[in-house]
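Presented below is the structure to which this report refers.
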Amino acid sequence: MKKTFYITTPIYYPSDKLHIGHSYTTVAADAMARFKRLTGYDVMFLTGTDEHGQKIQRIAREKGMSPKEYVDGIVEWIKDLWKTMDISYDHFIRTTDAYHEEIVQKIFMKLYEQGDIYKGEYEGWYCTPCESFWTESQLVDGKCPDCGRPVERVTEEGYFFRLSAYGDKLLKYYEEHPDFIQPESRRNEMINFIKAGLEDLFVSRSTFDWGIKVPFDPKHVIYVWIDALSNYITALGYMTENDEKFKKYWPADVHLVGKEIVRFHTIIWPAMLMALGLPLPKKVFGHGWLILEGGKMSKSKGNVVDPKELVDRYGVDAIRYFLLREVPFGADGVFSNEALINRINSDLANDLGNLLSRTVTMIEKYFDGVLPKPSSQEEIDEDLINVAQNLPQKVEEYMDKLQFSNALIEIWKLVSRANKYIDETMPWVLAKDESKRGRLGTVLYNLAESLRFIGILISPFMPNTPKKMFEQLGITEDLTTWESLKFGLLKEGTRVKRGEILFPRIDVEKELASLEKKTEEKTKETKEEKIDYITIEDFSKVQLRVAEILEAEKVEGSDKLIKMKLKVGEEIRQIVGGIGKYYSPEELIGKKIIIVYNLQPRKLMGIESQGMLLAATNEGKMALLTVDKDIESGSKIS
């Protein structure tokens, strides 16, 4: 019976199309899944989409669509992207799948019935893009510590998960399982986070309805992280009659995630599993970001690289190779067109492509395209053979540590050694001496056999290139398995045939100029597209008024909020504004400012705010909008 291996990616949030950073995670998971299949494992590879939440509901409403209609379109694009990227997932889960929703409700009910979930009132800060709740002390400059975007103050009745009860258990688990969180730096971050004190987690929302209903209280929907994290077990049939896959594959061997969501996967998710009495995943690996000059790629910032465009231009294997080779998997890396092109030219065109081309060309030229029989091996041959024979074990060791870059570096040592072997043995010189024909045959056989090893070992990283290599070398399927990685199995008499160049060289200067021009055009188009025009009728719905600040005081418990009493004509209003880091209460009194007069009141830290003041912000600065002449409070602005 085969050993099992269960690997997952995060399920991606389909608020917009995905970028190369998402492909990075998924290509890495795919390479690992393919490698484990190659080495004889029964693999389960899961990916999918996390489709609920307030942000999706807002975007869909803006586009005049239902949330389900909106995500359906994005999901089709994502599935097409994974097809383009040669992703060999075994199951694609959507959190809108009926079976997932049903199991999530069962999980919520179980946790509620055993006392791990209870009803209460939440008051704090909420980041809509991240779907995350934060305390005042966790904010960085008053913004979300994960994404750096503004947060909203919310007061809401709902359900809480007793996360605080699991802090000591989590720390003990980390101590007993030192490899659970990788790399080591992420582990230390999580230990420090827990030691600072865990607060109970708000796990339902009632201010929007795009989500899975709390089964016994349907005006609440289940908080997106409880919903999303459960996918790793709902996809296997947990809590159903058909739970064979769950029994077979759980616990997961590795959750691959971006470093920004390690906290959810190593604190919230394990605590949930402990509460459910289930074993924890064996490893959570939080990889770094692919960064463009100027910062992390982000759909909301618009500074993303479209993987489909890259594949159209350079081919899928070149992109997969670059992603896995360029940056050590746990670290951040910078994506640039120049680095990509140089990597293609150097490693793929010059090293691998030339090795195949030279080998096949020489076999055709000197042996009419028929692989010769090797004769006795000399010391220089044994050196090449040893590099090849020792390679599978080294690659396996690196892959088990998720060190994709190091695994590829090892494979390229054989590529380099084989190229050097050509220069050392000089087949073109041997061909001139008939008495050296046997020696020439040995050299060319060793090169072809080295290429067979290379093709097998790069297949998890670059699924298409080995097929082209094997076709040119005449290698049959039985000699492309892990078990066939024994030097000397390639059959003499095999017919080779030159094919297309694996990776044509790219003119770096011309290509960069072309890409720069294309980027400029795209940026111009994007800027034009991003103006979200409204009609005069839309604007006329907003009532702006001049208001005079009569009183101002800090809101207790917040360094950001100021409560102000305003005179708006004959009316006195109260507004709460997040301007405490830029203005003292004293300097506000007497100012005439602009407010949104007809905004629906809402509570901030339990204090009702009857409108919203207007301010300009830029690069950490803020300035209130005021009037340049003395005018009566209550005056309308049009």
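Note: Cβ is positioned from N, Cα and C throughout, glycine not excepted.
Not measured: the values here are computed from a predicted model.
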Match it up for me: which of 61-65, 146-150, 181-185, 296-300 does Swiss-Prot list as motif ''KMSKS' region'?
296-300
With Swiss-Prot as the source, identify the stretch among 12-22, 199-209, 243-253, 463-473 annotated motif ''HIGH' region'.
12-22
Any residues 6+ beyond the ends of the motif ''HIGH' region' (12-22) with a Cβ under 8 Å from its own?
47-51, 53, 55-56, 59, 71, 74-75, 77-78, 81, 129, 258, 289-290, 296-297, 299, 304-307, 310, 323, 335
Per DSSP, three-state class assigned to Cys127 (Zn(2+) binding site):
strand
Within the motif ''HIGH' region' (12-22) only, compute the mean pLDDT.
84
Taking the centroid of the Cβ atoms of Cys127, Cys130, Cys144, Cys147 as the Zn(2+) site, which other residues of that chain lie with their Cβ within 8 Å of it, listed in sequence order?
Thr128, Pro129, Ser132, Trp134, Lys143, Pro145, Asp146, Gly148, Arg149, Val151
Fewest other C-beta atoms within 10 angstroms of its own C-beta: which of the binding-site residues Cys127, Cys130, Cys144, Cys147 fits that?
Cys147
Residue counts in helix (H, G, I), strand (E, B) and coil for the motif ''HIGH' region' (12-22), per DSSP?
3 helix, 1 strand, 7 coil
